[in-house]
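According to TrEMBL, the feature transmembrane segment maps to 50-69, 89-108, 117-136, 148-167, 179-199, 211-231, 265-286, 306-326, 338-354, 393-419, 425-447. The domain 'Major facilitator superfamily (MFS) profile' annotation in TrEMBL covers 51-451.
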Amino acid sequence: MAVIQKYGKSYSPDLVCHKENHPPDKIAAPGCHKKWTEHNTHWPRPVARVWTVVLLLGTCLLYCARVAMPICSVTMAEKFGWTKRESGMVLGSFFWGYCFTQVFGGYVSDRVGGEKVLLLSAAAWGSMTAFTPILARFCSQPIFSMTLARFLMGLLQGVHYPSLASLCSQKVVESERGFLMSTVGSGSYLGTLVIGGAGSLMLDLYGWESVFYVSGLLSVLWAYCMWKYLLKGEGPIITLESLGSGGPQSKLSKRHWLRLFKQPAVCAVIVTHLCTASTFFTLLSWLPTFFRDTFPEAKGWVFNVIPWLVAIPSSLFSGCLSDHLISQGFDTASVRKLMQFFSMGVSSVFTLLLCGNTTFPWAVTFVSATMGLTTFSHSGVSVNVQDLAPSCAGALFGVMNTCGAFSGVLLVYFSGYLIEASGSWASVFALITTVNLLGLCTFLAFAEARRFDIDYTKVRHHNIHI
């Protein structure tokens, strides 16, 4: 008779399966022995650290290329005679492209590997950034070429974060995912700071073209170094055959996807990410206007730089803290909820403090605390999707990010309406707090950390041997 061994908190039924003649389990890897193969593909800690640094730099360059156009938009509008509406059309076109490739990028990454998608997309959006000045100069209607270029940039960069989620779920052990995702996530703040400082300097000294040339060429160089030294020169070719027969763990049927979306924990992740992304986009969009309206004599570099300087170490700290707690034996779901409580709960306290009459130093302090605590979501909901469905984490994260981006735009527009209708910033901060608390309550009530991309009924049946 079979002997069923009891495991600890990391126990998963499919880890104790032996080779057998049962038909493949369609909702997970074919054959339970496949789990061992998947487990053994995790990076050793030294390799994971190298990849963490490389991906951090890549995310930094991603934002350097993304923010290049907003930095240069005023100068370009003066040169090409764009109106405010035309400038807004150019800047807004990025968003539409960004939304369309989230799910696709995660789907492809789950099948062929996130590192290949990251490499190809970085080479593409880096080249697009470097060629932007050429497109603007040699096109008879720069407004159309720049709108198209920004739309394509959104398409190409939309696969980045879903690919990261897929790569992390496949290559990083559970107890180290928080550190990697929070560290790589801090690259967005670092990139915003770098391009804000160095980009403004290049704009004044060498013209707007230099900002695109430098950020684009550095991105292409990063992609080359990643291919040469980390992938050892392996061809990052994605064929139709590889999409059809990619990693077996990524093959989920429509029926199983529907079953996945019926799980309360999966819905909670989507709703929570939607709330945290939309409130972050709203703060990012309206905080500069808040400071200009409330403190017109304040120096812009103070409130545009200090919150991001706080966000970087805060993001790193949250990753170290979450991984440390998990390695000490704390329940993974509880740790994810704790991180999200800081991100959405504690940060909302500082957001509400902005509703009253404050001085400029206190306002900067409250905003810095809000933005710093918000980064804890990198170790909360952003990693939780990898706990729930590591075999399709990229595609699922793409669904989350698409919902978050759309809801973010809606909340930004609605916040502008509230400001005009009420004439008070308190209504906006109260709205942000309400949305945050809604997402937090959903996450605390329904979040889990066990896998839902495996049919445990079939697995338990496979565990019985005669």
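Every residue gets a Cβ built from N, Cα and C, even glycine.
Note that TrEMBL annotation is computational and uncurated.
Against the transmembrane segment (393-419), the recorded stretches 117-136, 179-199, 265-286, 306-326, 338-354 differ in Cβ pairs under 8 Å, and the greatest number is found for 265-286.
Listed stretches 89-108, 148-167, 179-199, 338-354, 425-447 were compared with the transmembrane segment (117-136); the greatest number of C-beta pairs under 8 angstroms is found for 148-167. Only residues 6 or more beyond the boundaries of the transmembrane segment (306-326), in the same chain, are considered here, and those with a CB under 8 A from a CB of the stretch are 174-183, 185-186, 189-190, 192-193, 287, 332, 335-336, 338-339, 342, 364, 367-376, 378-380, 383.
Counted over residue pairs 6 or more apart, the CB atoms of the transmembrane segment (179-199) and the transmembrane segment (50-69) come under 8 Å in at least three pairs, which marks the two as touching. Same-chain residues lying 6 or more positions outside the transmembrane segment (211-231) and placing a CB less than 8 Å from one of its CB atoms are 50-51, 54, 57-58, 61-62, 64-65, 68, 71-72, 115, 118-119, 122-123, 125-133, 195, 199, 202-203. Most Cβ pairs within less than 8 Å of the transmembrane segment (265-286), among stretches 50-69, 89-108, 148-167, 338-354, 425-447, belong to 425-447.
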